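Novice: What TrEMBL records for B:25-45, B:88-114, B:135-157, B:169-193, B:205-222, B:262-284 is transmembrane segment. Look at TrEMBL and you will find B:25-287 tagged as domain 'ABC transmembrane type-2'.
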């Protein structure tokens, strides 16, 4: 299996801030790889290094078989970038935006027309092609941005926060397009997101990144399984004089038990089989259970586990906040 | 290879010009200031009127006195404004054309800041195009915009009463060439500034700092000879002074025009353009490569 992206000990320092801290990763050809982390975790910086926009402070990255520093020009030919910002031109029509993009990738005119029609079809914007982008909704702009990133049929597509600020339906539509890209074109897709459900739904493998460091890297299923199979929550009506925590811990297969706000929360290896045993044990000792819930861990819990905190809110610089606000504003326009 | 670079530049210039033509408001905004200056300042501040003998004085004085005073006035006029029967509006409206070029080139520099801020610059940098193409396309579209807007103002001035005196077809050609050269130098300057000064605010500050001295320490609004010596020295280093003089020589002086002065002016503007374009493109290129 060939590697589409390889990063070895990648570091990027801005002044005193270590934005990317010794990142190692490899993405296989045709893989849909997700970079999951809060804002300011170093996701965009990593994408910028991999797409040759930034030079790494140290370390090495190979994209599409070319070194991002010494063979930058070749890397640029094989990658497509759909940036977080909306960079399509308001004053131009959708079609003109694509033609502009085609010109930047040296696609001959007749071929560019064919490609533009194809990618517009793919993202469902054919009807709006002749309209100025300023009349587009946020979701349409994002789809046009996606189409522009695809016009030169890149081997590797980088999507930086593809659904930032979009409403639920539009997000689902974008997810659908991304899945189709992979299925129909066999493209390698590298995306960043701070939405857990997005990473979970789309990606073959996920790297969890926080403060520039990769905290975990695996398939969503494995990451979730690493927390133990299931989480069981219990509320007790009558403890019958027993210490419930000790009682629960005696049951085979029960991992940690935490008691908080009147709820016992335990991680269990094989919840489906353990739940009946657990209930039996409790009932035998006369304990009365008032509520019981079993759930599978989500990536939210995984994230919490590996970074020690929930996805934090934006704490970036003023410029970053401004940029994001503007992006969101333009999306809603 | 060469062909690829040409397509890149053509693509990018095409974008700039489309955006320009489609946002008439922006075009209006870069032209409105010089036009207001021209209309108000040029009409009200009638500098040349000082050297006219009014009708009632004329009838009271003996003819030999009036003719002698007239001669003195004419000599002053010719020495300050180039020709004796110059009216101030014609004088300054031609000067304003270079100011239009100055303002428009400055707005080209600002467009770099916007491209950066909106993320478009990153998109260009991620594309397999020469960094130089990005800069050249910006400069080239800056030149096209500036010259087109200056020519538009030229016609507007004529409609408002500026008297042009064009001896032959070479004259307008020389005028347009001068405007192009001036704009080439200024666009390169402001675009390289736009690329190097990453924040939009510092760019505004630097441009405002350059803007007024370039305009006032030149012969665009009044003759250099009326300035104190130190300011004359500054004005003689200002490319706008040479461009404005070249335009007056070719467009308004008519028979009094001096071809050798015109050529000297144009040579000075060419030198300025060559130096600033070379330095500007080098600086901008390094700016795009860094980080």
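Glycine is no exception: its Cβ is also placed from the backbone N, Cα and C atoms.
All annotation found in TrEMBL is predicted automatically rather than curated by experts.
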Novice: Give the one range among B:25-45, B:205-222, B:262-284 whose Cβ atoms make the most pairs under 8 Å with those of the transmembrane segment (B:169-193).
Specialist: B:262-284
Novice: Restricting to CB pairs under 8 Å, which listed stretch, B:25-45, B:88-114, B:135-157, B:205-222, is in contact most with the transmembrane segment (B:262-284)?
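Specialist: Between the candidates B:25-45, B:88-114, B:135-157, B:205-222, the best contact partner of the transmembrane segment (B:262-284) is B:135-157.
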Novice: What residues in the same chain, six or more past the boundaries of the transmembrane segment (B:25-45), come closer than 8 Å to it by Cβ-Cβ distance?
Specialist: 88-89, 92-93, 96, 99-100, 103-104, 107, 149, 152-153, 156-157, 160, 221
Novice: Against which stretches of its own chain does the transmembrane segment (B:88-114) lie, if we need a Cβ under 8 Å and a gap of at least six residues from its ends?
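Specialist: Non-local partners: 16, 26, 30-31, 33-35, 37-38, 41-43, 45-49, 81-82, 120-121, 138-139, 141-142, 145-147, 149-150, 153-154, 157, 160-164, 179, 182-183, 186-187, 189-191, 193-195, 197, 200, 203-204, 207, 211, 214-215, 218-222, 240, 243-244, 247-248, 251-252.
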